[in-house]
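Some features that Swiss-Prot has for this protein:
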{"type": "BINDING", "residues": "His116", "note": "chlorophyll a ChlzD2 binding site"}
{"type": "BINDING", "residues": "Gln128, Asn141", "note": "pheophytin a binding site"}
{"type": "BINDING", "residues": "His196", "note": "chlorophyll a PD2 binding site"}
{"type": "BINDING", "residues": "His213, His267", "note": "Fe cation binding site"}
{"type": "BINDING", "residues": "His213, Phe260", "note": "plastoquinone binding site"}
{"type": "TRANSMEM", "residues": "39-59", "note": "transmembrane segment"}
{"type": "TRANSMEM", "residues": "123-139", "note": "transmembrane segment"}
{"type": "TRANSMEM", "residues": "151-164", "note": "transmembrane segment"}
{"type": "TRANSMEM", "residues": "206-226", "note": "transmembrane segment"}
{"type": "TRANSMEM", "residues": "277-293", "note": "transmembrane segment"}
Amino acid sequence: MTIAIGREQERGWFDLLDDWLKRDRFVFIGWSGILLFPCAYLALGAWFTGTTFVSSWYTHGLASSYLEGCNFLTAAVSSPANSMGHSLLFLWGPEAQGDFTRWCQIGGLWTFTALHGSFGLIGFCLRQFEIARLVGLRPYNAIAFSGPIAVFVSVFLLYPLGQASWFFAPSFGVAAIFRFLLFLQGFHNWTLNPFHMMGVAGILGGALLCAIHGATVENTLFEDGEASDTFRAFTPTQSEETYSMVTANRFWSQIFGVAFANKRWLHFFLLFVPVTGLWVSSIGIVGLALNLRAYDFVSQEIRAAEDPEFETFYTKNILLNEGIRAWMAAQDQPHENFVFPEEVLPRGNAL
């Protein structure tokens with residue numbers, strides 16, 4: 001008998017690091033965690049710091065921190081000053097020159113939050129890919145999460161890149177986002193944009209489908225002799241179905257005349273509708289970045305201008321948009337010193 005004695009192959013530092021990152025622990029780290037955790041920590045830390053202490057007086061002429069009297073709904077990390085252009089505003093860059101106070105004043109926290117937030121979201125998406133691969137799942141969770149990433153990147157990065165500066169991006173705050181929505185409406189007529197319409201249909205349609213699906217499953221749960229309670233009559237290892245797809249199919253067939261007969265197609269549809277809505281709306285935002293126009297019904301505008309008695313909901317909205325522009329241009333860009341005489345301000349035909 002021959003016995004072969006060999007040395008165990010030495011493992012390099014990469015293999016050791018790979019094992020440590022993928023170790024089973026309470027909070028999985030993984031290779032994606034190298035990107036996710038530092039970026040998420042820094043983005044959230046910058047946002048909390050900005051909303052607590054940093055003023056927007058030097059960038060927007062506004063108070064935007066708890067220290068100045070704002071609350072959770074009105075505090076924000078504001079976008080940089082228009083004069084900063086598309087500079088990344090590094091702390092050590094020519095704008096701040098290593099001065100942290102000056103860096104905060106010119107809007108450095110916004111670029112810091114936006115860029116680290118973007119990479120943090122991408123890291124979270126990669127985390128779902130990585131864990132799905134390790135446990136043998138399909139990557140549809142990560143594919144679905146690409147929708148929110150597309151919206152975030154298009155709104156906070158691509159839109160201002162198409163405009164004059166980061167100044168035109170939304171600031172990170174609740175009321176600040178509302179102001180940005182009014183800006184999109186006034187300057188781009190966003191609500192009449194077909195990509196916005198498809199996005200709304202996708203998001204609200206997804207919410208409707210989610211509600212219908214959850215209610216239908218609850219309605220068709222099988223009763224369990226031991227525990228008929230909705231939340232306890234199920235174990236992950238049970239072999240039988242927990243609800244009746246046949247009953248659900250018959251119910252909706254009677255309601256609408258049609259119903260999903262295939263669970264796979266049903267759940268793919270639940271995935272497809274909202275994710276497509278998110279992607280389409282992000283494409284629309286990229287169009288706005290390039291100043292592409294929405295629907296224009298010029299014939300109605302011309303007729304309304306010539307005939308005082310003719311007005312449509314469209315022409316009224318156009319007048320509202322003009323009012324938003326006239327107000328925002330002066331208020332939101334004080335450095336431009338816009339002055340609008342009374343005769344150019346919009347008025348409806350009824351006035």
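Along the chain as shown, residues are numbered 1 onward.
Keep in mind that glycine also has a Cβ here, set from the backbone N, Cα and C atoms.
Counting Cβ pairs under 8 Å that are 6 or more residues apart, the transmembrane segment (277-293) and the transmembrane segment (39-59) reach fewer than 3 and are not in contact.
Against the transmembrane segment (39-59), stretch 123-139 has more CB pairs under 8 A than any other of 123-139, 151-164, 206-226.
Long-range contacts of the transmembrane segment (151-164) within its own chain (CB-CB distance under 8 A, at least 6 residues past either end) are made by residues 79, 82, 85-86, 114, 117-118, 121, 170, 278, 281-283, 285-286, 288-291. Panel annotation: around the transmembrane segment (123-139), residues 22, 28, 30-37, 39-40, 145-146, 149 of the same chain, lying at least six beyond its termini, place a Cβ under 8 Å from a Cβ of the stretch. The closest partner of the residue listed as 'chlorophyll a PD2 binding site' among the binding-site residues, by CA position, is His267; the full candidate set was Gln128, Phe260, His267.
Cα separation, His213 (Fe cation binding site) to Asn141 (pheophytin a binding site), rounded: 18 Å. Shown in sequence order, Pro139, Asn141, Ala142, Phe145 are the residues of the chain, 6+ apart in sequence, with a C-beta less than 8 angstroms from the C-beta of Gln128 (pheophytin a binding site). Its Cβ taken as reference, His267 (Fe cation binding site) is surrounded by 13 other Cβ atoms within 10 Å in the chains shown. Cβ neighbour density within 10 Å is lowest for His213 among the binding-site residues His196, His213.
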